[in-house]
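Take a look at the structure set out below.
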Amino acid sequence: MAKTYDPDEKMEIVLRVIKGEKISNLVDEYDVSRSSIYLWKNEFLDGGMSKLSGDSITEQEARLKEKDEQIKEMEKIIGQQKVQMEILKKALAELNTPDKIKIINQLKSEYTITELCRTFNIARSTYYYRQNNDQDENNKTEDQLYTGHPAYDKDGNLVPEEDVVQLVKDYCDESPHLGYRMVTDYLNYTENLKVNHKRIYRIMKVLDLLQDKIVPKPKEYQLRQKHELTGPNQLWEMDCEVYRKHYRSITHCRNSIAKFIDKYNNRRPHSSVGKIPPAVYHKNILNNLVSGIKFAA
């Protein structure tokens, strides 16, 4: 009885022939005649896989119709998934970073961190940075009202933390303008306690009782102030740019000709005076101002 070959075997043989394998090797391996291999090859080149399977036209049409229905069903499912994905993306866009991290922590047992961070559009470095900071904050006691360490008075007796906190509240209510150092001195010298200023600073920080720091502000330079100039010879400035270009040091500048600029029109105060030493220049200006002489701008 002649051996029969299913379409998958025929397809495998034909593909190996097309790839360039010798037909003699395939004849020995599959126990098939050369003519059958050539026939299958020609059928595949003419009609594809349907010709190798030996199905009739009606069966092929039915199979194609079934595949078309499957494709339509898949397209419908894909369309629904696209709509759902758009809704989820809009919902995720409204979440802030802490909320995303909370959701990731709830789902990280089922999915990897990489997949979750990619889904929530958050960098892994950001996730791990926030996680480490949260752990550090939980371990630190600087932002906690009670640390579990009682205070002592000057006689060595234990004082509960609740009593220290209440004393701080009462004294800050009476004198809200005082800082943590004054509150520490009050507790140590008036209430006979032995507490550190760091403890009082932490308590007042948590209770939002700290005063704003007074930082001295530098005085502004007079020339930086706004001047309303109504005419010439009201504000002069030294033109140091000329000295940078033509002189090598400050000494050369001091010994050189003084050059002033009138800020009203950005010109020399007057053009009647030539190149004279600074001392003579200042003396002439003073004499002219005293005598009431006005220079042309």
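Glycine is no exception: its Cβ is also placed from the backbone N, Cα and C atoms.
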Given ranges 57-91, 127-161, the stretch to which TrEMBL attaches the annotation coiled coil: 57-91
Tally of DSSP helical, extended and coil residues in the domain 'HTH-like' (163-210): 32 helix, 2 strand, 14 coil
